[in-house]
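Report on the structure given below.
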Amino acid sequence: MSVEDGGVPGLGRPSKARWTLMLLLSTAMYGAHAPLLALCHVDGRVPFRPSSAVLLTELTKLLLCAFSLLVGWQAWPRGGPPWRQAAPFALPALLYGANNNLVIYLQRYMDPSTYQVLSNLKIGSTALFYCLCLRRRLSARQGLALLLLMAAGACYAAGGLQDPGNTLPGSPPAAKAGPMPLHITPLGLLLLIVYCLISGLSSVYTELLMKRQRLPLALQNLFLYTFGVLLNLGLHAGGGPGPGLLEGFSGWAALVVLSQALNGLLMSAVMKHGSSITRLFVVSCSLVVNAVLSAALLRLQLPAAFFLATLLIGLAVHLYYGSR
């Protein structure tokens, strides 16, 4: 039973062309997430409840997985699935639910590109959990590649640790008189560290779960997102008074929900057929997409360090996946 085929007999890794397309699409959607959230702002704030966006995203993923099983894109297991295998998916659902809500709150304390770059701190936590939980060893070359990814984030993040007082209080990012400066607050940095730790643990645990179970990916996702919907429904209902489920939603907000749902499904395929480390490279490479969109849509000024960071990411990809 191969690790790369996800432990499912007869289910090999997607073809090279489909695999490449899947990674490119995921990179693009990761990079577009923060700028799209910034475009949703009204008077400097997200006009809808963050729990609403996360709940709708989980519900969209659940419906897509159910549709995949109903139309036969992925076969239902013979004799029916052993439902006891659904229980372990409660933990990653809890972790993902916490992180998905945290991502939206983080936008209050930093600009999109600073979030995108500093979120690369999850590289270290994911690599640690990857070695501990999966008992995998990284070669010196692979370790150096991951260090380069972290160095790329640190290089560009230096320009983001600025005083947020340079912005106009209460002004939405897309409507400022001048270019949107890079910034992050101390609370934002603390929340982002928590986010990275949860991200690393949830990613590695989900990979372990998906590869050990001999079930179709769509069914595993159905288990995961059922827990996700129930969890986020509870969070939304218990969040106190506020805007309704769809109140404050715009076309940009709908695009955020749809892109996040599709990206979640793509990432589950990466975890099943690839690894948590592959996911890290997708997230890191999305920096380029994020920066381009932020510059075009939010008039964000890109420092020279951005180009050095891009070079380091390219070198890291070559070291990890290039010929050895």
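Cβ atoms are placed via backbone N, Cα and C, with glycine included.
In TrEMBL this protein carries:
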- 20-42: transmembrane segment (TRANSMEM)
- 54-76: transmembrane segment (TRANSMEM)
- 88-106: transmembrane segment (TRANSMEM)
- 144-162: transmembrane segment (TRANSMEM)
- 182-205: transmembrane segment (TRANSMEM)
- 217-237: transmembrane segment (TRANSMEM)
- 249-268: transmembrane segment (TRANSMEM)
- 280-298: transmembrane segment (TRANSMEM)
- 304-321: transmembrane segment (TRANSMEM)
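Against the transmembrane segment (280-298), stretch 20-42 has more CB pairs under 8 A than any other of 20-42, 88-106, 182-205, 249-268, 304-321. Note: the stretches the transmembrane segment (249-268) and the transmembrane segment (217-237) are in contact (3+ CB pairs below 8 A, sequence gap of 6 or more). For the transmembrane segment (20-42), the list of distant contacts is 14, 48, 103-104, 107, 111-113, 115-116, 172-174, 248, 250, 252-253, 255-256, 259-260, 262-263, 266-267, 269-270, 278, 282-283, 285-294, 297-298: same-chain residues at least six beyond its ends, Cβ to Cβ under 8 Å.
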